[in-house]
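This report concerns only the one structure given below.
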Amino acid sequence: MKLLEERILKDGNVLSDSVLKVDSFLTHQVDYELMQEIGQVLADTYQDAGITKVVTIEASGIAPALYTASALDVPMIFAKKHKNITMTEGILTAEVYSFTKQVTSTISIASKFLSQVDKVLIVDDILANGQAAKGLIEIIQQAGAQVAGLGIVIEKSFQPGRQELEDQGIKVTSLARLASFANGQIEFAEADV
Ligand code: 5GP
């Protein structure tokens, strides 16, 4: 997605060999017009897949997931990262190791929001090692629902997440694919859309 690649070049900051900071439009301050465009592109890609729910993980996945859900006219569910005393009914959980925070947390979704009839599009902000996506897939499968695909705003293609997910049979659609950021220079691989 050309518009997104241009924005990454303009506003993305390379923090190290493997970490990109995109807090001015995606992970902290959010550019809603760009998110709306991203949501439309993902929705167009999965228009004929019979998606019934969009699932993401808090917090930075929520913006692109919500615009995707809006364009597909289906509900968006975000997995919670912290225990909440109001979640008293059945909850589905998975363990996720966070690439940026370097801690393992239990993520959860109330079981009443997913069932065997659901075809789910997972949306997330950044794909690195695929831990967040794998945790979401585990939860969706516990519910007996089907994963139709994974829509990613920024994929770091030099990390193993995409390959491992594809090896599990998951369709991955990344709007920007970063091949490397050696010497602070961002190089793109060909995006899926
Ligand atoms: P994964 O589970 O695929 O290893 O990592 C995915 C999550 O870690 C993303 O949802 C994102 O929140 C965070 N993350 C991974 N790599 C980066 C990065 O380079 N920059 C930022 N800002 N977040 C990242």
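Glycine is no exception: its Cβ is also placed from the backbone N, Cα and C atoms.
Taken straight from TrEMBL:
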- Leu20, Thr27, Lys156: xanthine binding site (BINDING)
- 34-157: domain 'Phosphoribosyltransferase' (DOMAIN)
- Ala128, Asn129, Gly130, Gln131, Ala132: 5-phospho-alpha-D-ribose 1-diphosphate binding site (BINDING)
For Asn129 (5-phospho-alpha-D-ribose 1-diphosphate binding site), which residues of its chain lie six or more apart in sequence with Cβ-Cβ distance below 8 Å? Tyr97, Phe99, Gln159, Pro160, Gly161, Glu164
Reported as an integer number of Å, what is the Cα distance between Ala128 (5-phospho-alpha-D-ribose 1-diphosphate binding site) and Thr27 (xanthine binding site)? 15
Work out the three-state DSSP category of Gln131 (5-phospho-alpha-D-ribose 1-diphosphate binding site). helix
May I ask which residues of the same chain, at least 6 positions away in sequence, place their Cβ under 8 angstroms from the Cβ of Gly130 (5-phospho-alpha-D-ribose 1-diphosphate binding site)? Pro160, Gly161, Arg162, Glu164, Leu165
If we check Cα distances from Gln131 (5-phospho-alpha-D-ribose 1-diphosphate binding site), which of the binding-site residues Leu20, Thr27, Lys156 wins as closest? Lys156
Cβ contacts within 10 Å for Leu20 (xanthine binding site), all chains included, total 19
Around the Cβ of Gln131 (5-phospho-alpha-D-ribose 1-diphosphate binding site), other Cβ atoms within 10 Å, all chains included, total 18
With the fewest other Cβ atoms within 10 Å, the residue among the binding-site residues Ala128, Ala132 is Ala128
For the recorded 5-phospho-alpha-D-ribose 1-diphosphate site, whose residues are Ala128, Asn129, Gly130, Gln131, Ala132, find every other residue on that chain with a C-beta no more than 8 angstroms from the centre of their C-beta atoms, and list them by sequence position. Tyr97, Phe99, Leu127, Ala133, Lys134, Gln159, Gly161
From the Cα of Ala132 (5-phospho-alpha-D-ribose 1-diphosphate binding site) across to the Cα of Leu20 (xanthine binding site), what is the distance in angstrom? 17
